[in-house]
(Lines of atoms letter the chains of each structure in order from A and count residues from 1; the text may use other names and numbers.)
(Lines give C-alpha, C1' and ligand atoms only; values in the text may rest on other atoms or scores of the structure.)
Protein backbone atom coordinates (compact mmCIF):
# COMPACT_ATOMS: atom_id res chain seq x y z
CA UNK A 1 0.00 0.00 0.00
CA UNK A 2 2.78 2.40 1.01
CA UNK A 3 6.46 1.93 0.74
CA UNK A 4 8.45 5.08 1.33
CA UNK A 5 8.34 8.86 1.23
CA UNK A 6 9.70 8.79 -2.30
CA UNK A 7 6.71 6.73 -3.44
CA UNK A 8 4.32 9.04 -1.65
CA UNK A 9 5.86 11.88 -3.65
CA UNK A 10 6.81 14.05 -0.71
CA UNK A 11 10.16 15.78 -0.51
CA UNK A 12 11.21 18.78 1.53
CA UNK A 13 14.15 19.82 -0.62
CA UNK A 14 13.46 22.29 -3.42
CA UNK A 15 16.85 21.68 -5.02
CA UNK A 16 18.07 18.12 -5.51
CA UNK A 17 21.58 19.33 -4.83
CA UNK A 18 20.54 20.26 -1.30
CA UNK A 19 19.42 16.75 -0.41
CA UNK A 20 21.28 15.24 2.51
CA UNK A 21 22.24 11.60 2.31
CA UNK A 22 24.01 9.63 4.95
CA UNK A 23 27.49 8.70 3.83
CA UNK A 24 28.83 5.24 4.58
CA UNK A 25 29.98 5.14 8.18
CA UNK A 26 31.48 2.25 10.14
CA UNK A 27 28.86 2.67 12.88
CA UNK A 28 25.85 2.60 10.54
CA UNK A 29 23.98 -0.69 11.12
CA UNK A 30 26.82 -1.92 13.31
CA UNK A 31 29.47 -1.03 15.87
CA UNK A 32 28.28 1.69 18.23
CA UNK A 33 24.82 1.50 16.65
CA UNK A 34 24.03 -1.47 18.88
CA UNK A 35 25.01 0.58 21.92
CA UNK A 36 22.35 3.04 20.80
CA UNK A 37 19.85 0.19 20.77
CA UNK A 38 20.95 -0.83 24.28
CA UNK A 39 20.71 2.75 25.55
CA UNK A 40 17.26 3.23 24.02
CA UNK A 41 16.19 -0.15 25.44
CA UNK A 42 16.94 0.96 29.01
CA UNK A 43 15.32 4.36 28.42
CA UNK A 44 12.12 2.55 27.44
CA UNK A 45 12.37 0.37 30.56
CA UNK A 46 12.82 3.34 32.88
CA UNK A 47 10.28 5.67 31.25
CA UNK A 48 7.61 3.75 29.37
CA UNK A 49 7.85 0.69 31.61
CA UNK A 50 7.37 2.80 34.73
CA UNK A 51 4.45 4.68 33.23
CA UNK A 52 2.68 1.51 32.15
CA UNK A 53 3.03 0.22 35.72
CA UNK A 54 1.35 3.27 37.24
CA UNK A 55 -1.83 1.28 37.75
CA UNK A 56 -0.18 -0.06 40.93
CA UNK A 57 0.34 3.45 42.29
CA UNK A 58 -3.11 4.53 41.06
CA UNK A 59 -4.71 2.05 43.49
CA UNK A 60 -2.52 3.38 46.32
CA UNK A 61 -3.48 6.98 45.54
CA UNK A 62 -7.19 6.09 45.53
CA UNK A 63 -6.86 4.62 49.01
CA UNK A 64 -4.65 7.44 50.32
CA UNK A 65 -6.47 10.53 49.08
CA UNK A 66 -10.08 9.22 48.71
CA UNK A 67 -10.68 11.10 45.47
CA UNK A 68 -12.79 10.05 42.47
CA UNK A 69 -11.33 7.68 39.90
CA UNK A 70 -11.55 10.32 37.21
CA UNK A 71 -9.57 12.89 39.21
CA UNK A 72 -6.95 10.40 40.42
CA UNK A 73 -6.42 9.07 36.91
CA UNK A 74 -5.27 12.56 35.89
CA UNK A 75 -1.98 12.01 37.74
CA UNK A 76 -0.96 9.08 35.52
CA UNK A 77 -2.42 10.71 32.43
CA UNK A 78 -0.52 13.94 32.98
CA UNK A 79 2.75 12.06 33.32
CA UNK A 80 2.14 9.98 30.18
CA UNK A 81 0.64 12.83 28.23
CA UNK A 82 3.27 15.46 28.97
CA UNK A 83 6.03 12.93 28.20
CA UNK A 84 4.71 12.83 24.66
CA UNK A 85 3.12 16.27 24.27
CA UNK A 86 6.43 18.07 24.83
CA UNK A 87 7.89 16.21 21.84
CA UNK A 88 7.89 19.19 19.41
CA UNK A 89 9.58 21.41 22.00
CA UNK A 90 12.13 18.72 22.83
CA UNK A 91 12.97 18.82 19.12
CA UNK A 92 14.16 22.41 19.74
CA UNK A 93 16.40 21.18 22.56
CA UNK A 94 17.82 18.47 20.31
CA UNK A 95 18.54 20.97 17.52
CA UNK A 96 20.23 23.28 20.02
CA UNK A 97 21.97 21.05 22.57
CA UNK A 98 22.08 17.64 20.91
CA UNK A 99 20.55 14.34 21.97
CA UNK A 100 23.15 13.53 24.64
CA UNK A 101 22.76 16.69 26.72
CA UNK A 102 18.98 16.69 26.34
CA UNK A 103 18.68 13.11 27.62
CA UNK A 104 20.98 13.71 30.60
CA UNK A 105 19.03 16.80 31.70
CA UNK A 106 15.81 14.85 31.25
CA UNK A 107 17.06 12.09 33.55
CA UNK A 108 17.79 14.60 36.30
CA UNK A 109 14.38 16.29 35.98
CA UNK A 110 12.55 12.94 35.92
CA UNK A 111 14.32 11.75 39.05
CA UNK A 112 13.51 15.01 40.82
CA UNK A 113 9.83 14.60 39.95
CA UNK A 114 9.68 11.11 41.50
CA UNK A 115 11.42 12.26 44.68
CA UNK A 116 9.21 15.33 45.19
CA UNK A 117 6.08 13.24 44.60
CA UNK A 118 6.93 11.12 47.64
CA UNK A 119 6.01 14.12 49.84
CA UNK A 120 2.60 14.73 48.22
CA UNK A 121 -0.14 15.88 50.60
CA UNK A 122 -2.94 15.60 48.02
CA UNK A 123 -3.67 14.64 44.43
CA UNK A 124 -3.27 18.21 43.19
CA UNK A 125 0.33 18.24 44.46
CA UNK A 126 0.98 15.12 42.37
CA UNK A 127 -0.33 16.94 39.30
CA UNK A 128 2.68 19.28 39.49
CA UNK A 129 5.47 17.06 40.80
CA UNK A 130 4.66 13.79 39.08
CA UNK A 131 2.47 14.84 36.18
CA UNK A 132 4.39 17.90 35.01
CA UNK A 133 7.94 17.57 36.41
CA UNK A 134 8.45 13.81 35.97
CA UNK A 135 6.57 13.92 32.66
CA UNK A 136 8.77 16.71 31.28
CA UNK A 137 11.93 14.85 32.28
CA UNK A 138 10.63 11.67 30.67
CA UNK A 139 9.95 13.52 27.42
CA UNK A 140 13.45 15.00 27.37
CA UNK A 141 14.99 11.54 27.68
CA UNK A 142 12.55 9.61 25.50
CA UNK A 143 12.67 11.47 22.17
CA UNK A 144 16.50 11.48 21.89
CA UNK A 145 16.50 7.71 22.48
CA UNK A 146 14.20 7.16 19.51
CA UNK A 147 15.93 9.68 17.24
CA UNK A 148 19.44 8.31 17.86
CA UNK A 149 18.43 4.77 16.87
CA UNK A 150 16.94 6.16 13.65
CA UNK A 151 20.19 7.99 12.87
CA UNK A 152 22.38 4.93 13.40
CA UNK A 153 20.40 2.47 11.26
CA UNK A 154 19.43 2.32 7.60
CA UNK A 155 18.96 -1.29 6.48
CA UNK A 156 17.68 -2.68 9.78
CA UNK A 157 15.69 0.27 11.06
CA UNK A 158 12.51 -1.64 11.89
CA UNK A 159 14.40 -4.41 13.70
CA UNK A 160 16.55 -1.92 15.63
CA UNK A 161 13.54 0.14 16.71
CA UNK A 162 11.70 -3.08 17.56
CA UNK A 163 14.53 -4.32 19.80
CA UNK A 164 14.96 -0.98 21.54
CA UNK A 165 11.26 -0.45 22.19
CA UNK A 166 10.88 -3.93 23.67
CA UNK A 167 12.14 -2.15 26.76
CA UNK A 168 8.55 -0.96 27.23
CA UNK A 169 7.38 -4.56 27.61
CA UNK A 170 10.27 -5.62 29.82
CA UNK A 171 9.91 -2.45 31.84
CA UNK A 172 6.17 -2.88 32.34
CA UNK A 173 6.67 -6.40 33.66
CA UNK A 174 9.66 -5.52 35.85
CA UNK A 175 8.32 -2.20 37.14
CA UNK A 176 4.92 -3.69 37.98
CA UNK A 177 6.59 -6.34 40.12
CA UNK A 178 9.05 -3.84 41.61
CA UNK A 179 6.42 -1.23 42.50
CA UNK A 180 4.13 -3.87 44.00
CA UNK A 181 6.97 -5.16 46.16
CA UNK A 182 8.15 -1.70 47.21
CA UNK A 183 4.63 -0.52 48.05
CA UNK A 184 3.96 -3.64 50.10
CA UNK A 185 7.28 -3.49 51.98
CA UNK A 186 7.95 0.23 52.36
CA UNK A 187 4.76 2.07 51.37
CA UNK A 188 4.10 4.04 48.19
CA UNK A 189 5.99 7.14 49.36
CA UNK A 190 9.26 5.30 49.94
CA UNK A 191 8.65 3.37 46.74
CA UNK A 192 8.65 6.64 44.81
CA UNK A 193 11.87 7.75 46.51
CA UNK A 194 13.57 4.52 45.44
CA UNK A 195 12.16 4.83 41.94
CA UNK A 196 13.58 8.36 41.78
CA UNK A 197 17.04 6.98 42.49
CA UNK A 198 16.59 4.28 39.84
CA UNK A 199 15.57 6.93 37.29
CA UNK A 200 19.02 8.54 37.54
CA UNK A 201 20.19 5.74 35.25
CA UNK A 202 18.61 7.77 32.45
CA UNK A 203 21.66 10.04 32.70
CA UNK A 204 23.89 7.04 31.99
CA UNK A 205 21.77 6.13 28.98
CA UNK A 206 22.05 9.71 27.73
CA UNK A 207 25.83 9.64 28.08
CA UNK A 208 25.94 6.69 25.66
CA UNK A 209 24.23 8.72 22.91
CA UNK A 210 27.39 9.59 21.04
CA UNK A 211 26.91 11.71 17.88
CA UNK A 212 27.23 9.67 14.71
CA UNK A 213 29.85 11.63 12.77
CA UNK A 214 32.59 13.22 14.91
CA UNK A 215 33.64 16.58 13.49
CA UNK A 216 30.52 16.85 11.31
CA UNK A 217 27.64 16.65 13.75
CA UNK A 218 26.43 20.13 14.68
CA UNK A 219 24.80 18.79 17.83
CA UNK A 220 28.04 17.99 19.62
CA UNK A 221 29.39 20.92 21.63
CA UNK A 222 32.85 19.43 21.63
CA UNK A 223 32.90 19.56 17.87
CA UNK A 224 31.66 23.14 17.90
CA UNK A 225 34.56 24.04 20.15
CA UNK A 226 36.97 22.45 17.72
CA UNK A 227 35.61 24.61 14.94
CA UNK A 228 35.24 27.89 16.79
CA UNK A 229 38.10 28.15 19.25
CA UNK A 230 40.97 27.30 16.89
CA UNK A 231 39.78 30.08 14.58
CA UNK A 232 40.33 32.59 17.36
CA UNK A 233 43.59 30.89 18.27
CA UNK A 234 44.79 31.15 14.67
CA UNK A 235 43.98 34.83 14.58
CA UNK A 236 45.85 35.30 17.83
CA UNK A 237 48.85 33.47 16.44
CA UNK A 238 48.75 35.56 13.28
CA UNK A 239 48.50 38.81 15.19
CA UNK A 240 51.31 37.72 17.49
CA UNK A 241 53.40 36.80 14.47
CA UNK A 242 52.77 40.18 12.87
CA UNK A 243 53.77 41.94 16.07
CA UNK A 244 56.91 39.81 16.28
CA UNK A 245 57.87 40.68 12.71
CA UNK A 246 57.29 44.39 13.37
CA UNK A 247 59.53 44.27 16.40
CA UNK A 248 62.21 42.47 14.39
CA UNK A 249 62.04 45.20 11.75
CA UNK A 250 62.33 47.95 14.32
CA UNK A 251 65.04 45.93 16.08
CA UNK A 252 67.45 47.25 18.72
CA UNK A 253 67.97 46.89 22.42
CA UNK A 254 65.81 49.94 23.10
CA UNK A 255 62.73 48.01 21.97
CA UNK A 256 63.65 45.06 24.19
CA UNK A 257 63.99 47.39 27.20
CA UNK A 258 60.62 48.97 26.42
CA UNK A 259 59.03 45.49 26.16
CA UNK A 260 60.61 44.50 29.47
CA UNK A 261 59.26 47.63 31.15
CA UNK A 262 55.77 46.92 29.83
CA UNK A 263 55.88 43.32 31.07
CA UNK A 264 57.06 44.51 34.46
CA UNK A 265 54.23 47.00 34.71
CA UNK A 266 51.57 44.49 33.56
CA UNK A 267 49.54 43.01 36.39
CA UNK A 268 49.20 39.20 36.31
CA UNK A 269 45.74 39.36 37.88
CA UNK A 270 44.52 41.74 35.22
CA UNK A 271 45.87 39.51 32.47
CA UNK A 272 44.11 36.54 34.01
CA UNK A 273 40.83 38.47 34.28
CA UNK A 274 41.11 39.56 30.65
CA UNK A 275 41.68 35.96 29.59
CA UNK A 276 38.63 34.75 31.53
CA UNK A 277 36.52 37.58 30.13
CA UNK A 278 37.58 36.66 26.61
CA UNK A 279 36.68 33.03 27.19
CA UNK A 280 33.30 33.97 28.60
CA UNK A 281 32.58 36.19 25.61
CA UNK A 282 33.58 33.41 23.22
CA UNK A 283 31.35 30.93 25.05
CA UNK A 284 28.37 33.30 25.07
CA UNK A 285 28.87 34.01 21.37
CA UNK A 286 29.01 30.30 20.60
CA UNK A 287 25.89 29.57 22.69
CA UNK A 288 23.97 32.41 21.03
CA UNK A 289 24.83 31.16 17.55
CA UNK A 290 23.94 27.62 18.50
CA UNK A 291 20.56 28.50 20.02
CA UNK A 292 19.73 30.70 17.05
CA UNK A 293 20.65 27.99 14.55
CA UNK A 294 18.68 25.37 16.49
CA UNK A 295 15.62 27.62 16.67
CA UNK A 296 15.81 28.42 12.96
CA UNK A 297 15.94 24.72 12.07
CA UNK A 298 13.10 23.95 14.48
CA UNK A 299 10.93 26.83 13.25
CA UNK A 300 11.48 26.14 9.55
CA UNK A 301 10.58 22.49 10.08
CA UNK A 302 7.20 23.38 11.55
CA UNK A 303 6.20 26.71 10.04
CA UNK A 304 8.63 27.53 7.22
CA UNK A 305 8.47 26.75 3.51
CA UNK A 306 9.57 23.19 4.32
CA UNK A 307 6.77 22.80 6.85
CA UNK A 308 5.84 19.25 7.77
CA UNK A 309 2.19 20.25 7.64
CA UNK A 310 2.32 20.59 3.85
CA UNK A 311 2.53 16.78 3.70
CA UNK A 312 -1.10 15.64 3.56
CA UNK A 313 -0.28 12.04 4.46
CA UNK A 314 1.68 13.19 7.49
CA UNK A 315 -1.29 15.31 8.63
CA UNK A 316 -3.48 12.20 8.36
CA UNK A 317 -0.91 10.34 10.43
CA UNK A 318 -1.20 13.02 13.13
CA UNK A 319 -4.98 12.67 13.11
CA UNK A 320 -4.62 8.90 13.61
CA UNK A 321 -2.17 9.43 16.49
CA UNK A 322 -4.69 11.64 18.31
CA UNK A 323 -6.96 8.63 18.92
CA UNK A 324 -4.64 5.63 18.82
CA UNK A 325 -2.67 5.77 22.05
CA UNK A 326 -5.58 6.03 24.49
CA UNK A 327 -6.81 2.59 23.41
CA UNK A 328 -3.48 1.16 24.56
CA UNK A 329 -3.09 3.24 27.74
CA UNK A 330 -6.57 2.80 29.23
CA UNK A 331 -6.18 -0.96 29.88
CA UNK A 332 -2.89 -0.38 31.70
CA UNK A 333 -4.32 2.28 34.00
CA UNK A 334 -7.73 0.75 34.71
CA UNK A 335 -7.21 -3.03 34.38
CA UNK A 336 -6.17 -3.42 38.06
CA UNK A 337 -9.45 -1.74 39.06
CA UNK A 338 -11.45 -3.75 36.48
CA UNK A 339 -10.02 -6.97 37.90
CA UNK A 340 -11.23 -5.95 41.37
CA UNK A 341 -14.72 -5.23 40.02
CA UNK A 342 -14.88 -8.70 38.43
CA UNK A 343 -13.61 -10.36 41.66
CA UNK A 344 -10.57 -11.76 39.88
CA UNK A 345 -7.95 -10.30 42.22
CA UNK A 346 -6.57 -13.66 43.38
CA UNK A 347 -5.92 -14.89 39.85
CA UNK A 348 -4.57 -11.51 38.79
CA UNK A 349 -2.14 -11.47 41.74
CA UNK A 350 -0.65 -14.74 40.53
CA UNK A 351 -0.04 -13.38 37.03
CA UNK A 352 -1.23 -9.78 36.39
CA UNK A 353 -3.04 -9.06 33.12
CA UNK A 354 -0.84 -6.02 32.57
CA UNK A 355 2.18 -8.33 32.70
CA UNK A 356 0.62 -10.48 29.98
CA UNK A 357 0.28 -7.40 27.78
CA UNK A 358 3.87 -6.43 28.56
CA UNK A 359 5.42 -9.83 27.83
CA UNK A 360 3.54 -10.42 24.57
CA UNK A 361 4.24 -6.80 23.65
CA UNK A 362 7.95 -7.66 23.61
CA UNK A 363 7.49 -10.46 21.11
CA UNK A 364 5.10 -8.35 19.07
CA UNK A 365 7.62 -5.56 18.58
CA UNK A 366 10.43 -7.91 17.55
CA UNK A 367 8.31 -10.08 15.26
CA UNK A 368 6.59 -7.16 13.57
CA UNK A 369 9.97 -5.44 13.17
CA UNK A 370 11.48 -8.50 11.50
CA UNK A 371 8.48 -8.91 9.19
CA UNK A 372 8.51 -5.22 8.22
CA UNK A 373 12.21 -5.44 7.28
CA UNK A 374 11.56 -8.21 4.74
CA UNK A 375 12.10 -6.91 1.19
CA UNK A 376 8.79 -8.30 -0.08
CA UNK A 377 6.73 -6.79 2.78
CA UNK A 378 5.52 -3.19 3.04
CA UNK A 379 6.01 -1.67 6.48
CA UNK A 380 2.76 0.26 6.01
CA UNK A 381 0.74 -2.91 5.45
CA UNK A 382 2.16 -4.48 8.62
CA UNK A 383 1.45 -1.27 10.50
CA UNK A 384 -2.19 -1.07 9.38
CA UNK A 385 -2.89 -4.77 9.96
CA UNK A 386 -1.61 -4.48 13.54
CA UNK A 387 -3.82 -1.43 14.07
CA UNK A 388 -6.93 -3.29 12.91
CA UNK A 389 -6.12 -6.17 15.28
CA UNK A 390 -5.70 -3.78 18.21
CA UNK A 391 -8.95 -1.92 17.62
CA UNK A 392 -10.81 -5.23 17.33
CA UNK A 393 -9.34 -6.34 20.67
CA UNK A 394 -10.49 -3.09 22.30
CA UNK A 395 -14.06 -3.73 21.15
CA UNK A 396 -14.02 -7.31 22.47
CA UNK A 397 -12.40 -6.57 25.86
CA UNK A 398 -15.60 -5.36 27.65
CA UNK A 399 -17.35 -8.61 26.68
CA UNK A 400 -14.88 -10.73 28.67
CA UNK A 401 -15.63 -11.30 32.35
CA UNK A 402 -13.38 -14.29 33.09
CA UNK A 403 -9.66 -14.28 33.74
CA UNK A 404 -8.97 -16.63 30.81
CA UNK A 405 -10.95 -14.49 28.39
CA UNK A 406 -9.31 -11.29 29.57
CA UNK A 407 -5.89 -12.96 29.34
CA UNK A 408 -6.46 -13.88 25.67
CA UNK A 409 -7.58 -10.36 24.76
CA UNK A 410 -4.68 -8.83 26.70
CA UNK A 411 -2.30 -11.07 24.72
CA UNK A 412 -3.83 -9.77 21.47
CA UNK A 413 -3.51 -6.19 22.70
CA UNK A 414 0.12 -6.79 23.65
CA UNK A 415 1.08 -8.35 20.31
CA UNK A 416 -0.79 -5.95 18.02
CA UNK A 417 0.48 -2.91 19.94
CA UNK A 418 3.94 -3.98 18.84
CA UNK A 419 3.35 -1.65 15.89
CA UNK A 420 4.75 1.12 18.12
CA UNK A 421 8.21 -0.03 17.03
CA UNK A 422 7.21 0.75 13.43
CA UNK A 423 6.08 4.31 14.14
CA UNK A 424 9.57 5.90 13.80
CA UNK A 425 10.11 3.91 10.59
CA UNK A 426 6.76 4.98 9.14
CA UNK A 427 7.44 8.59 10.16
CA UNK A 428 10.85 8.51 8.50
CA UNK A 429 9.32 7.07 5.34
CA UNK A 430 6.93 10.00 5.24
CA UNK A 431 9.33 12.90 5.89
CA UNK A 432 12.91 11.61 5.55
CA UNK A 433 15.68 11.15 8.12
CA UNK A 434 16.61 14.86 8.19
CA UNK A 435 13.16 15.77 9.57
CA UNK A 436 12.67 12.73 11.81
CA UNK A 437 13.24 14.54 15.11
CA UNK A 438 10.67 17.26 14.42
CA UNK A 439 8.16 14.94 12.76
CA UNK A 440 8.30 12.23 15.40
CA UNK A 441 8.02 14.93 18.04
CA UNK A 442 4.68 15.95 16.51
CA UNK A 443 3.47 12.34 16.37
CA UNK A 444 4.26 11.59 19.99
CA UNK A 445 2.71 14.94 20.91
CA UNK A 446 -0.55 13.75 19.33
CA UNK A 447 -0.14 10.44 21.18
CA UNK A 448 0.39 12.44 24.36
CA UNK A 449 -2.91 14.26 23.94
CA UNK A 450 -4.55 10.86 23.51
CA UNK A 451 -2.84 9.49 26.62
CA UNK A 452 -3.67 12.63 28.57
CA UNK A 453 -7.41 12.55 27.90
CA UNK A 454 -8.05 8.79 27.60
CA UNK A 455 -7.73 7.46 31.19
CA UNK A 456 -9.56 10.39 32.86
CA UNK A 457 -12.31 10.00 30.25
CA UNK A 458 -12.62 6.29 31.11
CA UNK A 459 -12.72 7.14 34.82
CA UNK A 460 -15.35 9.81 34.20
CA UNK A 461 -17.51 7.35 32.24
CA UNK A 462 -17.22 4.89 35.12
CA UNK A 463 -18.26 7.51 37.67
CA UNK A 464 -21.42 8.11 35.60
CA UNK A 465 -22.34 4.57 34.50
CA UNK A 466 -20.46 2.44 37.07
CA UNK A 467 -19.01 0.55 34.08
CA UNK A 468 -15.86 0.79 31.98
CA UNK A 469 -17.54 -0.78 28.93
CA UNK A 470 -18.67 2.43 27.23
CA UNK A 471 -15.24 4.03 27.52
CA UNK A 472 -13.70 1.12 25.58
CA UNK A 473 -16.40 1.29 22.89
CA UNK A 474 -16.05 5.05 22.41
CA UNK A 475 -12.24 4.96 22.30
CA UNK A 476 -12.35 2.02 19.89
CA UNK A 477 -14.74 3.90 17.61
CA UNK A 478 -12.52 6.99 17.53
CA UNK A 479 -9.51 4.79 16.91
CA UNK A 480 -11.25 3.18 13.93
CA UNK A 481 -12.04 6.62 12.48
CA UNK A 482 -8.33 7.49 12.70
CA UNK A 483 -7.37 4.31 10.82
CA UNK A 484 -9.94 4.98 8.11
CA UNK A 485 -8.57 8.51 7.75
CA UNK A 486 -5.15 6.98 7.01
CA UNK A 487 -6.66 4.72 4.37
CA UNK A 488 -8.60 7.51 2.66
CA UNK A 489 -5.53 9.70 1.97
CA UNK A 490 -3.77 7.43 -0.57
CA UNK A 491 -7.10 6.92 -2.34
CA UNK A 492 -7.52 10.68 -2.64
CA UNK A 493 -3.96 10.95 -3.94
CA UNK A 494 -4.59 8.29 -6.60
CA UNK A 495 -7.76 10.07 -7.71
CA UNK A 496 -5.90 13.40 -7.94
CA UNK A 497 -3.09 11.83 -9.98
CA UNK A 498 -5.61 10.25 -12.36
CA UNK A 499 -7.39 13.56 -12.71
CA UNK A 500 -4.13 15.38 -13.51
CA UNK A 501 -3.24 12.79 -16.16
CA UNK A 502 -6.70 13.13 -17.67
CA UNK A 503 -6.45 16.93 -17.72
CA UNK A 504 -2.98 16.80 -19.26
CA UNK A 505 -4.25 14.42 -21.91
CA UNK A 506 -7.21 16.69 -22.63
CA UNK A 507 -4.95 19.72 -23.10
CA UNK A 508 -2.73 17.75 -25.48
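Cβ atoms are placed via backbone N, Cα and C, with glycine included.
Straight from TrEMBL, the features:
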- 32-54: transmembrane segment (TRANSMEM)
- 36-494: domain 'Major facilitator superfamily (MFS) profile' (DOMAIN)
- 74-95: transmembrane segment (TRANSMEM)
- 102-121: transmembrane segment (TRANSMEM)
- 127-150: transmembrane segment (TRANSMEM)
- 233-263: region 'Disordered' (REGION)
- 233-244: compositional bias 'Polar residues' (COMPBIAS)
- 313-333: transmembrane segment (TRANSMEM)
- 353-372: transmembrane segment (TRANSMEM)
- 379-397: transmembrane segment (TRANSMEM)
- 403-426: transmembrane segment (TRANSMEM)
- 438-458: transmembrane segment (TRANSMEM)
- 470-492: transmembrane segment (TRANSMEM)
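Spatially, the transmembrane segment (353-372) is adjacent to the transmembrane segment (403-426); three or more Cβ-Cβ distances between them are under 8 Å for residues at least 6 apart in sequence. In this chain, the transmembrane segment (313-333) touches the transmembrane segment (438-458); three or more CB pairs sit within less than 8 A of each other, excluding pairs fewer than 6 residues apart.
Where the transmembrane segment (313-333) meets the stretches 32-54, 127-150, 470-492, the count of C-beta pairs under 8 angstroms peaks at 470-492.
Remark: the transmembrane segment (403-426) contacts the transmembrane segment (379-397), by the rule of 3 or more CB pairs under 8 A.
Contact between the transmembrane segment (379-397) and the transmembrane segment (127-150) is absent: fewer than three CB pairs lie under 8 Å, with pairs separated by 6 or more positions in sequence.
For the transmembrane segment (470-492), the residues of the chain that approach it from at least six positions outside its boundaries are 1-2, 312-313, 316-317, 319-324, 326-327, 330, 384, 387-388, 390-391, 394-395, 397-398, 454, 457-458, 461-462, judged by C-beta separation under 8 angstroms.
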